[in-house]
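Read the structure below first, then the notes.
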Amino acid sequence: MTRSDDGDGIVDPERFDPEDERTRVLPRTTGNDWPVDLQGVTETVVATRGPDGAWNMAALGVHAPGRDASDAGADEASAAPTARTYGRTRTRRNVERTGRGVIQFTSDPREFVDAALTIDERSDPLLANADAYVEVEFTRVDRTVEAGTEIHAWALEPVAGRILEERVPRTNRGFGAVIDATVAASRLDVEGFDEDELCGRLRYFADTVDRCGGPREQAAFERIDDATGWRDRC
């Protein structure tokens with residue numbers, strides 16, 4: 001899934017060592033070629049380019065094809081993965097302007113927290129610890145409004161990508177707790193969510209990371225603390 005034949009991909013393939021056996025170029029896309037088998041909702045980090053040329057990193061849940069047929073009421077919803085943007089975020093504005101982004105799959109919880117809870121802008125669209133990436137084109141397929149917030153649904157069409165690292169997966173409750181905690185923390189100031197309930201979740205996730213997380217998970221949760229100040233608030 002490389003654009004080396006036409007030269008218009010976002011990520012320059014020349015940055016990778018062709019002799020490095022850890023990386024594997026995906027075949028040119030046929031419309032459904034992703035570096036992972038998408039199931040349910042996969043939490044990713046997306047890089048979209050701003051008007052100043054900087055790449056904005058943000059968390060993005062990628063919904064497997066057919067999971068949310070109600071997103072579009074059209075064939076696109078069942079034929080392609082989808083994602084949603086909530087409100088007029090940097091991601092939405094950048095996608096509306098360029099129509100493209102780089103979706104990345106990372107097992108580093110610190111990168112996910114930074115993308116989800118901070119303004120994370122960089123000169124490079126690739127995360128240091130991404131296991132794989134895929135350049136995608138965004139097509140808006142639906143728009144709804146809930147509690148005054150515009151929710152846009154986007155069909156995602158893969159364009160180019162690369163597997164950078166193949167790992168043996170490990171199950172760590174601390175990692176899952178970090179991901180769930182970013183969701184709870186991001187809703188603290190959102191109308192319609194009960195703050196006491198969110199604080200209870202954050203306490204539970206913090207305890208889980210303390211008991212089960214490794215150094216990366218614990219460092220990631222410290223970043224949640226710093227970004228949101230939830231402990232003082234709760």
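Glycine too: its Cβ is placed from the backbone N, Cα and C atoms.
Quick look at what TrEMBL annotates:
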type	residues	note
COMPBIAS	1-24	compositional bias 'Basic and acidic residues'
COMPBIAS	71-86	compositional bias 'Low complexity'
DOMAIN	42-163	domain 'DUF447'
DOMAIN	172-224	domain 'DUF447'
REGION	1-35	region 'Disordered'
REGION	67-92	region 'Disordered'
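Sorting the domain 'DUF447' (172-224) by DSSP state (H, G, I as helix; E, B as strand; all else coil) yields 42 helix, 0 strand, 11 coil. On the 0 to 100 pLDDT scale, the domain 'DUF447' (42-163) averages 90 in the predicted structure.
According to DSSP, the domain 'DUF447' (42-163) comprises 26 helix, 64 strand, 32 coil.
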